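See structure below.
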Amino acid sequence: MGLSDGEWQLVLNVWGKVEADLAGHGQDILIRLFKGHPETLEKFDKFKHLKTEADMKASEDLKKHGNTVLTALGAILKKKGHHDAELKPLAQSHATKHKIPIKYLEFISEAIIHVLHSRHPAEFGADAQGAMNKALELFRKDIAAKYKELGFHG
């Protein structure tokens, strides 16, 4: 299920656009996640009080967390599938501390694709979307394997 060099290039090209505004992209992605799947908000004690999109847009904490999420994802994507060292601590915290189900990672992947397409339609056409979907699927498959090693079947 690996990506070709060309597919990785498509992923990293659009990621360059994301890195120009990690916090803004991250905030948009989290808002899309929470609006589309409100149950995911329950995993975030510090965001549970954010009930409206306006509240979410005004939250500096949400923006900071969006930056954190996309910084970690960017480090993983740049490894082009050789991301074991980056994945291990992420899987550890998400499985044992936060207890984030794999399904929620599917939800955020959908939000990532949507936000990147809406913000960068010229750079994120069908080929780039397909490549990013494959990269995110690889990430989810590998993190699910780490979850299993940790005894978490979320």
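Every residue, even glycine, has its Cβ placed from backbone N, Cα and C.
Copied over from Swiss-Prot, here are the features:
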type	residues	note
BINDING	His65	O2 binding site
BINDING	His65	nitrite binding site
BINDING	His94	heme b binding site
DOMAIN	2-148	domain 'Globin'
MOD_RES	Ser4	phosphoserine
MOD_RES	Thr68	phosphothreonine
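The residue listed as 'phosphoserine' and the residue listed as 'phosphothreonine' are 27 Å apart (CA-CA, integer value). With the fewest other C-beta atoms within 10 Å around its C-beta, Ser4 stands out among the modified residues Ser4, Thr68. Once Cβ contacts within 10 Å are tallied over all protein chains shown, the binding-site residues His65, His94 are led by His94. On a Cα basis, the residue listed as 'heme b binding site' lies 29 Å away from Ser4 (phosphoserine). According to its DSSP assignment, the residue listed as 'phosphoserine' is coil. Of the recorded residues, the residue listed as 'O2 binding site' and His94 (heme b binding site) place their C-alpha atoms 14 Å from one another.
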